[in-house]
Amino acid sequence: MLGLHGRKPAQVIVEPVAKLMIKLKVTPNQLTLVSAGLTVGVALLLIPTGHLIWAAVLTGLFAAFDMIDGTVARMQGGGTKFGATLDATCDRITDGALFGAITWWLVYSYDAPQALVAASLVCLVASQVISYVKARGEASGFTMDGGLVERPERLIVSLVGLGLTGMGVPYAIDVALWALAAGSIYTVVQRLVMAGKSPLAKEFTKAPAGAKADYSNTK
């Protein structure tokens, strides 16, 4: 949702940084890898050890580099297909690391009830499925724009919940995870419905390589 409407306001901050990266001859792929490495490192080091405020601030800061690499690519005439694949892969890794670290902290430090741990695991799995449904739908030629809970929403809600919990606000992470779990399940269904309503939805797919394509004469 924010992915569609939040880019233009953010460009006011992102574009000057992107221009600096170009002057320093930093490539989009380098930015992608550095951003992912720092985000994963901060999440896995700070969240399980209970440094929630710093984890929220630094994870949010490093994750913001995900916008800079794309802007650098566009300023240089457009990104490559490999760059897009690398970026999507790193996004999945960072999402998994974030919710994996949150789940680890819930179990070993927060003394969370099993239901909340389950909600965190739902967020972890759904973060991957939401992106996969979009990627698979677009590969089939469907238009898959939008969705209630996309990556920006996941990051904002989870990191705000972590930060507020670190400040002592009761049940902040509980509310954040339950909201994300419910919203993520809804988004998976929303995107499947979107794919099902596409004009191309009932077209037949090609048989996999080596598989028999026509069984019409089979008795």
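Placement of Cβ uses the backbone N, Cα and C atoms for every residue, glycine included.
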*Site-mate of D87, D91 for Mg(2+) 2 in Swiss-Prot, selected among D66, D111*: D66
_Entries of N29, T32, D69, G70, R74 which, being binding-site residues, have CA atoms within 10 angstroms of D87 (Mg(2+) 2 binding site)_ = N29, T32, D69, G70
*Using T80 (CDP-1,2-diacyl-sn-glycerol binding site) as the reference point, find which of the binding-site residues D66, D69, D91 has the shortest Cα-to-Cα distance to it.*
D69
*Are there residues at least 6 beyond the ends of the transmembrane segment (31-47) whose Cβ is under 8 Å from a Cβ of it, and what are they?*
21, 54-55, 58-59, 62-63, 65-66, 68-69, 72, 83, 86-87, 90-91, 93-94, 97-98, 100-102, 104-105, 162
*How long is the line from the C-alpha of D66 (Mg(2+) 2 binding site) to the C-alpha of N29 (CDP-1,2-diacyl-sn-glycerol binding site), rounded to the nearest angstrom?*
10
*Round to the nearest Å and give the CA-to-CA distance linking L31 (CDP-1,2-diacyl-sn-glycerol binding site) with D69 (Mg(2+) 1 binding site).*
6
_T80 (CDP-1,2-diacyl-sn-glycerol binding site): secondary structure state under DSSP, collapsed to three categories_ = coil
